[in-house]
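Remarks on the structure that follows.
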Amino acid sequence: MHFTATVLLAFGMSMDAFAASIGKGATLHKPKFSEALRTGLIFGAVETLTPLIGWGLGILASKFVLEWNHWIAFVLLIFLGGRMIIEGIRGGSDEDETPLRRHSFWLLVTTAIATSLDAMAVGVGLAFLQVNIIATALAIGCATLIMSTLGMMIGRFIGPMLGKRAEILGGVVLIGIGVQILWTHFHG
């Protein structure tokens, strides 16, 4: 695959994580750059691994993976988005939330997995092309690191303007990503 195509693929694959990061940044009470970088690193690491996993699965069982990846992503994103909406409606004070609760590792990993299943599907497709899968996966991971960190920082500035609605908006964004994944699968 040509360098330009790899870069375009990498940034294209990072867009779901970018959108989710904006939502996450908006829901946190004044996230610091270190939190944004942590989010970017987690999203980037997961987004690096998923095309590699997809590539391996593509060699073994591409039909099953392609038939189910959109449903898995949809269910995960609907669950996470619904949870964020419910928490946003219930309210509560941002100051009462501990940093671990607000930005837990496992919540970030789950969100990262949900937004990177399309990268796994791309990895399946790459199994049938002449590509350097390691270089391509690293490019996708680096682009996701950059875009997710940037998304968190953008969300940081949007969040105070939205107040409690930020968590609801973040949930709607995740649900929207899930619906978009399902829509794209059924409507090309």
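In case you wondered, yes, glycine gets a Cβ from its N, Cα and C as well.
According to Swiss-Prot, the features are:
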type     : residues : note
TRANSMEM : 3-23     : transmembrane segment
TRANSMEM : 41-61    : transmembrane segment
TRANSMEM : 66-86    : transmembrane segment
TRANSMEM : 106-128  : transmembrane segment
TRANSMEM : 143-163  : transmembrane segment
TRANSMEM : 168-188  : transmembrane segment
Item checked: Surrounding residues of the transmembrane segment (66-86) on its own chain - C-beta under 8 Å, 6+ positions past either end -> 23, 27, 107, 110-111, 113-115, 117-118, 120-121, 124, 167-168, 170-179, 181-182, 184-185
Notebook entry, point to check: Excluding the flanking five residues on each side, which residues at least 6 beyond the ends of the transmembrane segment (106-128) place their CB within less than 8 Å of a CB in that stretch?
Noted result: 1, 9, 13, 16-17, 19-20, 24, 38-39, 42-43, 45-47, 50-59, 62, 65-66, 69-70, 72-73, 76-77, 80, 136-137, 140, 144, 174, 177-178, 181
Check: Hey, which bits of the same chain come close to the transmembrane segment (41-61), Cβ under 8 Å, at least six residues off its ends?
Finding: 13-14, 17, 20-21, 105, 108-109, 111-113, 115-117, 119-128, 133-134, 136-138, 140-146, 148
